[in-house]
Amino acid sequence: MSNETDQETAATTGEGGGDIVKSSTMMSTQHQHHHHHHIMSTSVEEVDEQVLEMTQSTTTVSSSNSSSGNTTNNIHSRAQKSYKNLHEFSEEMLETEKAGLVERVYDLERQVLEHKDEIVCLKSTLADVLRRLATIDNSYENSTSGSGRGGTGTPAAGGAGGGSGGHHTVSDNVSASGQNSLSSKSFRFSRNTLTRRRLNSTVDEKRFGRVPSRVTSSPSRVKTNLAQKAIHYSNGSLHSDSMSSHSISPAPSPSPRQPNASAVANSHHALLASSGGMGKRWSSTGDFISTPGSPSGTGSSGSMSRFSAKSLLNLSGNSSRQGQTHPYVQRKNEDDEYVKLYISGRPIVIHLPEAQLSTYELTKVQPAPNRRLRLDWAYGYRGKDCRSNLYQLPTGEMVYFVAAVVILYNMDEHTQRHYLGHTDDVKSLAVHPNKLLVASGQCGGHEGRDSLPHILIWNSVSLATLNMIGCGEFTGSINCLSFSRADSGSILAAIDDSPDKIISIWDWQKKEGGRKITETKCSVDTVVAVEFHPLDKGQIITIGKNHIAFWSLDQNGMLYKRMGVFESFEKPKYVTAISFTQTGDVVTGDSSGNLAVWKRGTNVISRFLKKVHEGPVFSICALRNGGFVTGGKDGLLLLFDDALHIKAEQIVEAHFGAVRVVAEGKGSQLLIGTTKNCILSGDFTLSLVPIVMGHTDILWSLATHPQVAQFVTGGRDRLLQLWDSLSHSVVWSKDIGEPIHAVQIANAGDVIVAGGVGGRWSVFDIVTRELLATYTDGQEVIQCMQFSPDGNLLAVGSKDNCIYIYQCTKVAHRFSKIGKCTGHSSFISHLDWSKDSQVLRSNSGDYEILYWNPTLCRQITSQSTVKNLEWATQNCSVSFETIGIWPENFDGTDINSVCKDGEEQFLVCADDFGKIRLFSFPASQPKSLSHSYRGHSSHVTAVQFMHDGVRLLSAGGMDTSVLQWRVV
């Protein structure tokens, strides 16, 4: 009995032990199951089956033999092995889930960026719509108010097409009712302006969280000037926020009568007292008057600008002392029939017309004209030596630059607007992540603090300047700019192209002038680009000669640098292009034609594509679908998918140049800027179409068609180009094989003559551009050419100091030489014909003015014969009609070109400092007041009025641009 009892007890104990083991196992399984609750249900069932099998085995063994210790050890061993397998399985599952989570985060980031882009497009479109609605409203009020006021109307600009039709008028007389109308319109414009500012502020607040009050609503100097400008430009005429696609000058004066000096003085002091200093520091409209603080001509000052009034005050105080003397013009006796004009210390005798002998006084002040110039169109693009300067905005405009002008061009509407805040060459461009704001950087200019290298932040819809960054802080030009992208564009990076290649980081929203967060030396070699990482805050990449650098900006404003490591891959001489994948990897192109992918967060290459292009890769454009387009010096465009597999290619024709920059346009369209200063549009299915063309080297010569709206240009790049000023396009372009220094169109409009080097000049058919004939006169450069008014003679001025006279024949391209005029002691610079075609007038490099009988090729020395002549053109810069264009202390070479309109109302001169100045004709008084305009960044080599006298053309020398102005 006792043995049976013991066996039963042992069996009971064994079963209990099995229950304990089973319970422990189940508790452990439940704990593991709770810890790994994210494991898939199928995996949990497999684990439960293993545990159940193990438990059953344990129960069987325990019940069969209570003393089997070894068996118990085996059970624990099997349990530990199962737990180990379970842990490894869970770790594998965690890794899988982690990888999937990273992919989902990347996908969410991409979707967020796409949604942000859509929101930005909507906001930009809304801002542009508000601008257009306000413009239509103001234009309607202007037309109704203008028709209700009396006085002589002054024609203003018509549509963007630039034709002579479609004008509206602005009254020149201000009555009491007219003043009330102006006041109401000023209020209306201010209200619209405030509406746009509220929109922009709302956009910025939502984008940035909060915009510093200095930028949005603080009455700082910048915003005060902008508000005052809005009020002053709302006088019933034109303003930059108009429906017109042009940049606008201030409105013409409302008063046709010129005030006396005391009236101007009173008006001037009253203006200063009321405005508290209404001078504008930067201009974002077509009125780019170089004299600061020029109001738009309202009030009693008539057509006088603030500069004019100040000049009158100075002159009126000194007139009694000066008498018949002047710092650079002298007339010793009132009976003298001549004056002496001193240029560079040399006296030049200029005889007075008989009608002027009794009335001419040196102390008289000739007022500036009642009309102004407005920039109508800018021809050209700077792709030869600048990168990352072509962008598509959500408003449908593409933004790029040439000379000192940033151009906003709407390809669908074929219209331009212009930002004219810069004083010298624009070298860099960056678009804010909100797609509304633009940053543009320039090089150093000629005069004043505002001509120092600096960055301007401006609104692309209103063209209002928000801030000037770094004036006085940079020593070289700003050749690279980039807004931060991961923090909604709150900071700006800039590369100073100084010998030390300084990288600086700016909080551009802080106060006037911005706040420099930090700066440091970037590289000893050239830096070609700087970019913020689109996903990682504070991460910056710079590329250039022999380097790619990864920078980190910490919260304390310190920059830390890691150089890119090429390891076993080929290290290029230049890293030339940069972009980013949607997952944040960095993609670069180099001077050897290779592409490299740098893993996000590292400075090592994860993938290398060798010899994608033959030669340097100049641009990498990331597409909205995740793909890429690359462009290189070989003229090849390559389309890649998101895995960097080539899908298509396109060739840019060689005469357009190599690919400099690629930007994504509307839909599938691409915008391609080239090294020959062209912009093309197209895709990989259709051919590329040029939409902007220009010269690539110094532009020397310009001539207008005598009958139609066309003009011809020529330069050092050997290109002879015929343009249409209505369609704003190139009719044809021809490489003539040598630099072009002078061009002219025959009176009949059928041939073009072009003067080159080595004494050669050629004749081309204006329709077929065929070379018809070539002539040679001397061995020097042909400086200038001019047809006589009757079309029978052609004068050719050479650098050999001679003028060659030709007889035009019935065959357009055949010319018969009459002889040459000798007598100048320097090269021939300018030529004019008298209206009767009987006398030729010439200027030379040493400021001589001589007169010639062209049929005899003899000099006319009798002044009584020539001093009363009327001249068909006004090309000579040294003459009685141009005494007033020479400021004090000007060098004789500073004035490059002058011209007058056909009705002899205006005289325009162009100088070495990029200025265009508009005078009343003739500018015969030493103190002749003018309106001054900027836009060119180099010496302006030529100015010419079109045949209609409404449009003016200017050629920009080294900036290679042609600017088309309109008299308004």
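Backbone N, Cα and C atoms are what each Cβ position is placed from, and that goes for glycine too.
Here TrEMBL flags 1-42 (among others) as region 'Disordered'.
What TrEMBL lists as compositional bias 'Low complexity' is 55-74 (among others).
Taken from TrEMBL, the feature region 'Disordered' covers 55-75 (among others).
Annotated region 'Disordered' per TrEMBL: 139-264 (among others), in sequence order.
Residues or ranges marked as compositional bias 'Gly residues' by TrEMBL: 147-166.
Per TrEMBL, the feature compositional bias 'Polar residues' maps to 171-185.
Sequence annotations record features per position, and here TrEMBL assigns compositional bias 'Low complexity' to 210-222 (among others).
Here TrEMBL flags 234-250 (among others) as compositional bias 'Low complexity'.
Sequence annotations record features per position, and here TrEMBL assigns region 'Disordered' to 283-305 (among others).
Residues or ranges marked as compositional bias 'Low complexity' in TrEMBL: 290-303 (among others).
According to TrEMBL, the feature domain 'EML-like first beta-propeller' maps to 415-682. In the predicted model, the domain 'EML-like first beta-propeller' (415-682) has a mean pLDDT of 93.
Residues or ranges marked as repeat 'WD' in TrEMBL: 692-724 (among others).
As annotated by TrEMBL, domain 'EML-like second beta-propeller' applies to 699-967.
Taken from TrEMBL, the feature repeat 'WD' applies to 775-807 (among others).
TrEMBL lists 821-853 (among others) with the feature repeat 'WD'.
The repeat 'WD' annotation in TrEMBL covers 933-968 (among others). Nonlocal intrachain contacts for the repeat 'WD' (933-968), taken as residues 6+ away from its ends with a CB within less than 8 angstroms of a stretch CB, comprise 154-157, 162, 164, 237-238, 246, 248-249, 252, 287-290, 371-380, 382, 384, 402-405, 418, 420, 422-426, 445, 677, 694-709, 711, 713, 715, 723, 725, 728, 896-903, 905-906, 908-918.
With DSSP states grouped into helix (H, G, I), strand (E, B) and coil, the repeat 'WD' (692-724) comes out at 0 helix, 19 strand, 14 coil. With a threshold of 8 Å between CB atoms, the same-chain residues lying at least 6 positions outside the repeat 'WD' (692-724) that come near it are 162, 379-381, 384, 400, 402, 409, 657, 675-679, 730-745, 747, 749, 752, 754-755, 764, 766, 769, 941-948, 951, 953-958, 960-962.
Residue counts of the repeat 'WD' (821-853) by helix, strand and coil are 0 helix, 18 strand, 15 coil (DSSP-based).
Broken down by DSSP into helix, strand and coil, the repeat 'WD' (933-968) contains 0 helix, 17 strand, 19 coil.
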